[in-house]
Amino acid sequence: MASSGQPKVVLLDIEGTVCPISFVKDVLFPYALSALPATLEAQWDKPEFSQYRDAFPAEHASSQEALTAHVKDLMSRDVKIAYLKSLQGYLWESGYKSGELKAPLFDDVAPKFVQWKKAGEEIMIYSSGSVAAQKLLFKHTNGHPADLIPEISDFFDTVNAGPKQEASSYQTILAAHPEFPEANSWLFLSDNVKEVEAAKQAGMQSFVVERPGNAELSAEDREKHRVIKTFAEI
């Protein structure tokens, strides 16, 4: 473990850290797009859907066609904006519940969750995906146990914490848990070097996770940060 000692809290990214980036890009995103037209047709005027529709800018929520076009544009550019993330979570929910969607965790993830929890360490999640989408993913995995929600203490996204590449977001997360006041008792794991740097600026320990399919790390990245290939190295 790092010189600061065993962490009390392990804060985890999702894409490229606990599951392949390809799951989001090649499975979840296409599923949302394919489910969108029928969902809008069936739910457009229903009260339970209005919170998702009305969160969009007015010009894009004026019709089903306008909203669909805006969603396609945002997703083609991988824009991480809260109202899109909320709608995606809503669209994915039926797929997870039907069993059509199941999160393919890396083999070391579920066993390590159980190990961390038994050791008294808290597990928390910080992802650009909405908290609702995070909970769906961890409730429906290919791991053992398949439902990892009981192992997780809290969830953060860009709404309740802020942008993932800003140190202030990690300070917000720290402030949400005054029972763990020492920043260096937190360990943040992510495939994104800029996120790791932001967490370190906030005082957390942070490692870069190198998984199959992730972006190539530079020699400078490897020199500046501890890089792990599996949670078993922690």
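From the backbone N, Cα and C atoms, a Cβ is placed for every residue, glycine too.
Here the Cβ of Asp191 (Mg(2+) binding site) has 22 other Cβ atoms within 10 Å, regardless of which shown protein chain they belong to. Annotation comment: Swiss-Prot describes Asp13, Glu15, Asp191 as Mg(2+) binding site.
Taking Cβ-Cβ distances under 8 Å and a sequence gap of 6 or more within the same chain, the neighbours of Ser128 (substrate binding site) are Lys80, Lys85, Asp157, Thr158, Lys164. Annotation source Swiss-Prot lists substrate binding site at Ser127, Ser128, Lys164.
In this view, Asp13 (Mg(2+) binding site) is surrounded by 21 other Cβ atoms within 10 Å of its Cβ, with every protein chain counted. Distance between Cα atoms for Asp191 (Mg(2+) binding site) and Ser127 (substrate binding site): 12 Å, as a whole number.
Cα-Cα distance from Asp13 (Mg(2+) binding site) to Ser127 (substrate binding site): 5 Å (rounded to the nearest whole number).
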